[in-house]
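Chemist: This structure is in structure tokens; I'll ask about it shortly.
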Amino acid sequence: MSIFYSGSLLSGAFGNLIAAGILDGLAGKRGLSSWQWLYIIEGAITMFIGLVIMVMLPDFPDTWRFLNSEMKAVANRRLAIEAAEADVDEGGKRSQIKGLKLAFTDIKTYVLAIAYMSMTGASGFQNYFPTLTSTLKYDETISLVLVAPPYLFMVAYSMAHARLSDHFANRFWFFVYPIPITMVGYIIFMTTESFGPRYFSFFLMVFVFAQNSTIYSWIANAIPRPPAKRAAAYAFINSVGNSASIWTPYTYRDQDEPFYRPAMGVCIALQCVSAIMALFMHFHLRQLNKRQERLEDEDVTLTDAELQRLQRTAEIEGIDIAAARQLQRGFRYMI
């Protein structure tokens, strides 16, 4: 997920560098304004890469033609073990409707959506990064160039952040610890105008992006199966999360420069909300893990719903109910 999200960070870095070059060298060329060149060049690159990815990106291991049958079987087996059940859906439209119902009746979907929306709102400064760097009293081109170093720093840092999160098998602490760091960055920005502290505050503020790779992984860990439910949950969480981009721009008002205190205050408040949601997830997943222990106790009589899920897994994997129950052994939600 950190590799996936690093693409967004790199676009923030190089997008502004490209913009700086266009503004400096292409303004008025062939009768086009600099912003028109910006749309043409960056839009063409985006469309080309999007078309290539659309053709190459597989839906599941089963649909990737570069894997042989043995490798597909290994990949599917790993997915089944990680989630303690087969990674497939029931066929037909009914599966999608059922997936929607499962997603919208799971409280984790709403908690993660609020956490993501809060975090996205707290990262709203990225839309105005050149405006914020312009408060350092440099010209337009230099202001765009100054945006790149914080992004490039976070690309490298987020990789290490994600590796450590996987190493310690923990999502909660790796989602939470960047929160106070970003708060310090917001406070420094709105209390000083000198170059050193203010530019340093940008390197602290971008720690909010370390939370992104964590929450994407946390969603996959917290809502692992079935795929229709996971897809519906991802769509809902992503939609609600990005809805913060609708209203956060209105917090960065011209009359508030150069400190933008209302906007920074909103960012701090939103990070507090994301911390509360993370705490809820922490305790809720602990409770679910205790319930999961039931499936490891051979003396416990399972409910009809639990038996149906085991039967489904047994049919897909070609094993009996007892073996499907053993597949549950050791499965826990990653907290």
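Each residue, glycine too, has its Cβ placed from N, Cα and C.
These figures come from a predicted structure and were not determined experimentally.
Grabbed the feature section from TrEMBL, which reads as follows:
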type     : residues : note
TRANSMEM : 35-57    : transmembrane segment
TRANSMEM : 110-129  : transmembrane segment
TRANSMEM : 141-160  : transmembrane segment
TRANSMEM : 172-192  : transmembrane segment
TRANSMEM : 198-219  : transmembrane segment
TRANSMEM : 231-250  : transmembrane segment
TRANSMEM : 262-285  : transmembrane segment
Chemist: Out of 110-129, 141-160, 198-219, what stretch is closest in contact terms to the transmembrane segment (262-285), meaning most Cβ pairs under 8 angstroms?
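Modeler: Highest pair count goes to 110-129.
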Chemist: Within the same chain, where does the transmembrane segment (110-129) have neighbours whose Cβ lies under 8 angstroms from its own Cβ atoms, ignoring anything closer than 6 residues to its ends? I mean 6 or more beyond.
Modeler: 12, 16, 147, 175, 182, 202, 205, 208-209, 211-212, 215, 218-219, 222-223, 233, 236-238, 240-245, 247-249, 251-252, 263, 266-268, 270-271, 273-274, 277-278, 280-281, 284
Chemist: In terms of Cβ proximity under 8 Å, which residues at least six beyond the ends of the transmembrane segment (141-160) contact it?
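Modeler: Residues 2-3, 5-6, 9-10, 12-14, 16-17, 19-20, 23-24, 129-130, 133-134, 199, 202-203, 205-207, 209-210, 212-213 contact the transmembrane segment (141-160) from elsewhere in the chain.
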